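As structure tokens, the structure follows; a few thoughts come after it.
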Amino acid sequence: MNARFRFRPPFGHAPSPVPPIAERHGHAPPNQRRFPVFLPAPPPRCGRGAAGKLWDKAREVTCGAVVQPWSGLPIPTLLSCLCSFVAGVIHPWRVTAFERLLWRACRGYLVASFVEMPEPMEDPATGESITWVIFLISYWGEQIGQKIRKISDCFHCQVYLYPESEASRTDTITGLHGQIQELSVTLEETEKYLAEVLDKVAQALPTWRVQVQKMKAIYLVLNQCSFDVTQKCLIAEVWCPVQDLTQVQDALRQASVSGSASSSWRVPTSESPPTLIRTNKFTAGFQSIVDAYGVASYQEVNPAPYAIITFPFIFAIMFGDVGHGLLMFLFALWMVLYEDSPRLRQGTNEIWLTFFEGRYLILLMGAFSIYTGFIYNECFSKATAIFPSAWSVATMANHSSWSSEYLAAHPSLTLDPNVTGVFRGPYPFGIDPIWSLATNHLNFLNSFKMKMSVVLGIVHMGFGVVLGVFNHVHFKQHHRLVLEFLPEIIFLLALFGYLVFLIFYKWIKFSAADSLVAPSILIHFIDMFLFTSNAENLPLYPGQVPVQTVLVLLALASVPVLLLGTPLYQWCRRRAPRMVRPRAMGGSVGITGRSHRWCCPGAVAGHGGTGAAAGGHLDFAEIFMHQAIHTIEYCLGCVSNTASYLRLWALSLAHAQLSEVLWTMVMRNGFVGLSYVGGVVLVPVFAAFAVLTVAILLVMEGLSAFLHALRLHWVEFQNKFYVGAGYKLCPFAFAPDTWE
């Protein structure tokens, strides 16, 4: 703590005359001179002795002059000649210890002042931002100064030269201000120059990034090549499609002209070639769905072209609604129209990128949902009367005894199609809108959608079995046409194809007049497997029981053929003596690439197990086990897969019921009031209806229908012919997506 003292002569002494030093220098003024002196107050333990020493020292310095409080006068030349200063900065944590040690070491013969810097500065040693403390120490005597400097060094203080005279201090401050201004100007110019350099770099950075990526990709491929020490060249074996082989050879010839010799030739190989399926922005989404199940084996039938139609259609069966499909179609159409926008293509959200990559798939799903919505006659769960209804209520009222009492007692009226004029024929397109008003419309839709699901499912599975024929023919496995395809198609059509026949036959045979005596297809189908007949359930056509018995026996007879046909054929072929003609398996292109039309032993093995025979080794037990698993999976799968297609019926009804509940419980409440207040209430009600429609029916129900359609394609459709045991061809190319 600093204090200001006013010194008087010691006790009992009179004021001294003008100091002798002042006389020697010729500065004896007529009045006494008063000098300001600031001294720290001694600690309480020092007592009077310390104060006496301090007084003696002050008296020696002032030569016996009377010291008065500071009155704003300039410092005398005498005192400035006797005082010395030490200035510097110190860490704020060391100030207290530094001040205490100075006091004790110098016994109070100093004046110290500590001030914090207005702004923090960086520590050059640690880089830490610290609010340093500036200190200024005035002292008397050279010994005291040496002590102060040593203590400052011990506390790692930054000591700076402090000029002795006022003029020197003024010149120093002026010089420092000039240096600060020069440094400020230099830093400003440097920042401007760096900003210009960075602007130029920012313009050239995309080009540099592309060049670096290309160089890294090239060197990565070159590092995979083999180095021939004798020939001093690089040797590489790569796959190349035959369609692109000419371009690769032209590129090599151009490189040879520029100075580096290169050559290419085909190399025989027994490896399984990779699969290259060329896609565009429309088919890429559908091919991704197929590849997620498994990449096609080499030259295997690719189900992606057929999925372009079947996948959106199966999705639309479960998502049939004109309004919901239109919203989905417009959303996908917006992505398609602005597909070249960088904001859409370079998004960081993974979910958004998934939607954007499948924009054409969503577009077709929305379009097919609109179509099936017209079939179901549903638009946000409400029916639309595009054509006049085929049912006539007026005709029914004219031909019946509906009195006022009858109408009051029966809130629901029955329209009898057997009455002439009540039912005038089928509705031109889709379901008649009058069914939306009927109390039994759910029963009608259940029967319609359940049978529709079974029919479409069996047709879909049968189409998958037929696609297997192309694999058998392409890989020259003609024995599989007889020993596998024929038993499979007989088993499927004899049982479940016959079920489709019964459904259509009943629709055609029975009308509204004899609908009450129409037999049950389900009971007939059960009796078919039990080899029995039900007297209460009339036959659909004469001779139905013998026909069903023959079909079941035919289906059962196809199972042993499917189980034992291929293994026995392989065993007999192995035992039969034959001449083996050597031939080169496949082809490849050294250095440039391999052909895109090799015979693929891996794919052949995956489609019948002939790869083992071609390799000279045949494990009959392994072939039999593989065929047994395939037979059990196919026979049981025909039953389970047919039942699995009933999900089309279930999800279609669920979507319709959710849409109806949302309209009844939310949107219909907005039409209660017809006044201005009702119009105001309609706005938040419609907002809630729109949010729930998008969140529940479009997003959640759409995702559910998408996953179920995906399962039907992967499990029920593709396993009838698709192996998916290949691997993709990853050609060397500079993909523009990496730097756009």
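Cβ coordinates are placed from backbone N, Cα and C, and glycine is handled just like the others.
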- Query: Pick from 516-535, 636-655: which range has transmembrane segment per TrEMBL?
  - Reply: 516-535
- Query: Between the transmembrane segment (516-535) and the transmembrane segment (454-473), are there at least three Cβ pairs closer than 8 Å, leaving out pairs fewer than 6 positions apart?
  - Reply: no
- Query: Cβ pairs under 8 Å with the transmembrane segment (454-473): which stretch of 313-338, 358-376, 547-569 has the most?
  - Reply: 313-338
- Message: Should anything in the same chain at least six residues away from the transmembrane segment (547-569) have a Cβ under 8 Å from its Cβ atoms, list it; otherwise answer none.
- Response: 479-480, 482-484, 486-488, 490-491, 494-495, 498, 524, 527-529, 531, 608-609, 620, 623-624, 627-628, 630-631, 634-635
